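A.B. asks: Below, the features straight out of Swiss-Prot:
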MOD_RES   1  N-acetylmethionine
TRANSMEM  23-43  transmembrane segment
TRANSMEM  61-81  transmembrane segment
TRANSMEM  110-130  transmembrane segment
TRANSMEM  137-154  transmembrane segment
TRANSMEM  176-196  transmembrane segment
TRANSMEM  201-221  transmembrane segment
TRANSMEM  231-251  transmembrane segment
MOTIF     275-279  motif 'Di-lysine motif'
């Protein structure tokens, strides 16, 4: 326990003071409590509450929710591009800019906004529970939805920006497509003729992980790179690689071996892809 406390204190010494005033960023206790409550609700409390109740329909809510996340994800992508990726970043070795320049502060804001969006997306699983779609609450889904915001919190706390933010930008780009699909599918059968591209959604996920891994792997082949926290590079590489393997396994068993769209790929009552988003 003493070692954990010492590690925590050491990490917090490197906290970026520019992020201190943002919601959830003062201490990891609040966000950890939220995530633990989420895990408890979706794995235990929620199913017990709904056990003897009829499933909620929630169609109107899901339409608004999904299209709101389309808009939010689009905005996040735009802000990442305008705060470095389309201006000063080289797309190779890009250290975090800790200055108070307008562009650097803009990057801090969008890094936090991406983190906050991960907490909003916890509602994905809550919707599953309220609609009694318990089969969609897989280990991969819950693991991803809980671990990503927890780990990203630490990244935003000490290194909001730089080459470590590439995967967040790519993830938000993918979410534009994903939530567009989910929003349309929430309309029911009337929208099904326009959702022919659902079969490509898992492939888009896999491409996302390939892009993230390729980008971050550049670090290992550079003669020098002054990115401030190499541990973040290592974690992103591990994250991209592990989830590529998990999604590949999912693809194999669902599409190649099974020759079918698995039940776990359905959201809003329509065929889709597993709600186990990346990054």
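Even glycines carry a Cβ here, placed using N, Cα and C.
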A.B. asks: Could you list the residues of the same chain, at least six apart in sequence, whose Cβ is under 8 A from the Cβ of the residue listed as 'N-acetylmethionine'?
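C.D. replies: Those within reach of the residue listed as 'N-acetylmethionine', by Cβ under 8 Å and sequence separation of 6 or more, number none.
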A.B. asks: May I ask which of the stretches 23-43, 61-81, 110-130, 231-251 has the most CB pairs under 8 A with the transmembrane segment (176-196)?
C.D. replies: 61-81
A.B. asks: Please report, as numbers and ranges, the same-chain residues at least 6 past the borders of the transmembrane segment (231-251) whose CB is under 8 Å from any CB of it.
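C.D. replies: Residues packing against the transmembrane segment (231-251) from afar: 140, 144, 151, 155, 159, 163-164, 167, 202-203, 205-206, 209-210, 212-213, 216-217, 219, 274, 276, 278-279.
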A.B. asks: Calculate the per-residue pLDDT averaged over the motif 'Di-lysine motif' (275-279) and state the result as an integer.
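C.D. replies: Within the motif 'Di-lysine motif' (275-279), the model's average pLDDT equals 43.
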